[in-house]
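Worksheet: the structure to be examined is printed underneath.
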Amino acid sequence: MEASLAGLAFLAVTSAALLSPLAVVGQLRTDYYTTICPNLETIVRSSVKQSMAASPISAPATLRLFFHDCAVRGCDASIMIVNSNGDDEWRNSDNQSLKPEGFTTVLNAKAAVDSDPQCRYKVSCADILALAARESVYQSGGPNYQVELGRYDGRVSTRDSVVLPHANFNLDQLNAFFAGLGLSQTDMIALSGGHTFGAADCRFFQYRIGADPAMDQGFAAQLRNTCGGNPNNFAFLNGATPAAFDNAYYRGLQQGRGLLGSDQALHADQRSRGTVDYYAWSQSAFFGDFAAAMTRLGRVGVKTAATGGEIRRDCRFPN
């Protein structure tokens, strides 16, 4: 059920307290594994490349997995945990659309890292997920930004802890949610650019077809044919370049071709339209802001050994 604005305002306050990045920024460093696992980034880059070659879904699925992890309990790979009683994050209804290729990409990268004797059981799943997300972006044509490292893995994952933005959110609802993570409207619009690749099931946007005046009518007709009467059919989030990480997503919003209501709202609302237009005009500006926003997102709710974190041997199970 869609959260109310009042509920989101409360969430913004409580999440800021629980997931504040300020206490852990000093713990994270781009050179954290220089002596611990010097070949880490090369290993992850190679593994992600293999995953992307095996499936075009893996890159957008991995990026989305990173957001769904950080936005709930912080960037602690709790989204990866499989609990025997079925009470875990990925079995929440809001996470059921996560694609298995994202999980597989991270598990394969973890196996590749642990196959190096110098690295074995010394690199957290949370850090591997952060690196795999960057590689998914970079190897799809996006920015090659530096990733801060030094996260520990969480031990807890529960279904009821999952609160995520919905596909029909308006700008106020989106801003309230992201403010709870310590992120700005600009961060939110830049991170939304992750929808420049990947797809969404018809059930997330079918209600808009023929009913939302912000949707281009030709696009609506195309989607009507795509979806038919089957909510499990899908459409690309950015039909122009669906497998590339670029700024075509924002140009699509300018044309009324945003797939999700929460995407099109960024251009429909005058308070955010200027940023959308700027990113549509300048891919380099989008890339720079996206990299900065991913860095800030990667600081949310980071765990330490002192706060109960660990280095998981198997990303699916606490040690």
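Every residue gets a Cβ built from N, Cα and C, even glycine.
What you see is a predicted model, and the numbers here were worked out from it, not measured in a lab.
Pulled from TrEMBL:
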BINDING   ASP69, VAL72, GLY74, ASP76, SER78, GLU89  Ca(2+) 1 binding site
BINDING   PRO165  substrate binding site
BINDING   THR196, THR241, ASP246  Ca(2+) 2 binding site
SIGNAL    1-16  signal peptide
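Here the candidates are the binding-site residues ASP69, ASP76, SER78, and by Cα distance the one nearest ASP246 (Ca(2+) 2 binding site) turns out to be ASP69. Neighbouring residues of the recorded Ca(2+) 2 site, listed in sequence order and excluding THR196, THR241, ASP246, comprise GLY141, PHE197, ASN238, ALA240, PRO242, ALA244, PHE245, ASN247, ALA248, TYR249 (Cβ within 8 Å of the Cβ centroid). Here PRO165 (substrate binding site) comes close to GLN173, LEU174, PHE177, PHE178, SER262: these same-chain residues lie at least six apart in sequence, with C-beta atoms under 8 angstroms from its C-beta. Across the structure, SER78 (Ca(2+) 1 binding site) and THR196 (Ca(2+) 2 binding site) place their CA atoms 26 angstrom apart.
Take the binding-site residues ASP76, GLU89: by the count of other Cβ atoms within 10 Å of each Cβ, the lowest one is GLU89.
Within 8 Å of the centroid of the Cβ atoms of ASP69, VAL72, GLY74, ASP76, SER78, GLU89, where the record puts Ca(2+) 1, the same chain has further Cβ atoms from HIS68, CYS70, ALA71, ARG73, CYS75, ALA77, ILE79, GLY154, SER157, SER161, GLY301. Figure note: comparing Cβ neighbours within 10 Å for the binding-site residues THR196, ASP246, the maximum is reached by THR196.
Taking only the Cα positions, the spacing between GLU89 (Ca(2+) 1 binding site) and THR196 (Ca(2+) 2 binding site) is 25 angstrom. Its Cβ taken as reference, GLY74 (Ca(2+) 1 binding site) is surrounded by 25 other Cβ atoms within 10 Å in the chains shown.
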